[in-house]
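Colleague: If you scroll down you'll find the structure; I have some questions about it.
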Amino acid sequence: MSSVNLGSWVHTSYVLNQATRSRSKSKSFSLPFNPLKSLAISFAYRKSERPISSVSAIITKEEETLQEEQNNPPPSFDFKSYMLQKGNSINQALEAAIPLQEPAKIHESMRYSLLAGGKRVRPALCLAACELVGGNDSMAMPAACAVEMIHTMSLIHDDLPCMDNDDLRRGKPTNHIVFGEDVAVLAGDALLAFAFEHIAVSTLNVSSARIVRAVGELAKAIGAEGLVAGQVVDINSEGSSEVDLEKLEFIHIHKTAKLLEGAVVLGAILGGGTDEEVEKLRKYARDIGLLFQVVDDILDVTKSSQELGKTAGKDLVADKVTYPKLLGIEKSREFAEKLNKEAQEQLAGFDPEKAAPLIALANYIAHRQN
């Protein structure tokens, strides 16, 4: 997992600033190690209203400022602690949202898959996007939970015998293995319905217009223009020799990226983001959504079932077209790095400290091992 050292970023920017003052009134630097390629740091040399009269005075003033920066560096971003804290909050909210009640069987089935663990990447992205545009956790937590409920529904249905026929998910037997196909289908249906109820009823301190907009975004992300579209084309493409890169991208943008995109966009809308901010984050999310699937394809052929917590090599067995199958492992990895870079470029112009979680999440998705 990668993290962003904001302290090093700010300190290096400062040193570059000082080095250029004696050479030019205005220069622009693009930091070579900075993942935000399009974020150029412009150092404008402004005339002081009270000019310093000597070179020694300038040096003394700069040394004092540099010493102050070194003594009080901005804290680096701790991605592991961030995900642990967000994960705990999300798990508590999910636990409270769906208590064990009658009818017991359906609630047991819903909770079995929903609370089985998982990386909680989608709800974390929702919360991070909300905070990036000036909101807080409480404004987006119901939406974050709703996204995780819908994601869980998609996994339950995806594992069914009529779909991928899988028996392992998150290191445990799949829902239909434990509760039967009939209850598994109904558990997925119930999670889907309750997700929208939860956003509508539990979202507080957000205007009704923004809540309605968020509901519309989420519905579009998972319907016939989103997740379902990707799943249908994926099923129809099994065993086909006519699946090219364009069709594969369509499958994964819809089947995987659309829900990740929805998570980020919901957070931005509910947090009070402007239309411009929402669209930048939409593009960021689409890139990391496709990135997630490219990495998933790579892991499917390079890791074991034990390492993944789900059945490895199942796409190969089902004769599905994947990025490694079309591009090879190394070219797939290069494509993943390209998507990661392009995603992070969309965060240029946002507060770097607030953008740090989204940068780190993109790096995590790119370099995850399961």
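Cβ atoms are placed via backbone N, Cα and C, with glycine included.
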Colleague: May I ask you to find which of H151, H157, H198, H252 Swiss-Prot records for the isopentenyl diphosphate site already listed with K119, R122, R170?
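Modeller: Looking at H151, H157, H198, H252, the one Swiss-Prot places in the isopentenyl diphosphate site next to K119, R122, R170 is H151.
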Colleague: Of the binding-site residues K119, R122, H151, D158, which sits closest to R169 (dimethylallyl diphosphate binding site) by Cα distance?
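Modeller: So, spelling it out, the nearest of the binding-site residues is D158.
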Colleague: Determine, for the isopentenyl diphosphate site, the additional residues of the same chain whose CB lies within 8 Å of the mean position of the CB atoms of K119, R122, H151, R170; present them in sequence order.
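Modeller: In sequence order, the nearby non-listed residues are G118, R120, V121, E148, T152, L155.
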Colleague: Would you find the one among the binding-site residues K119, H151, R170, K320 whose Cβ has the most company, meaning other Cβ atoms within 10 Å?
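Modeller: By the 10 Å Cβ neighbour count, H151 comes out on top.
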Colleague: Using DSSP with the three-state reduction, classify K119 (isopentenyl diphosphate binding site) as helix, strand or coil.
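Modeller: Its secondary structure by DSSP: coil.
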Colleague: Between all pairs in K119, R122, H151, R170 (listed as isopentenyl diphosphate binders), what's the biggest Cα distance, rounded to the nearest Å?
Modeller: 16
Colleague: Counting across all protein chains present, how many other Cβ atoms fall within 10 Å of the Cβ of D164 (Mg(2+) 2 binding site)?
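Modeller: I get 21 for this one.
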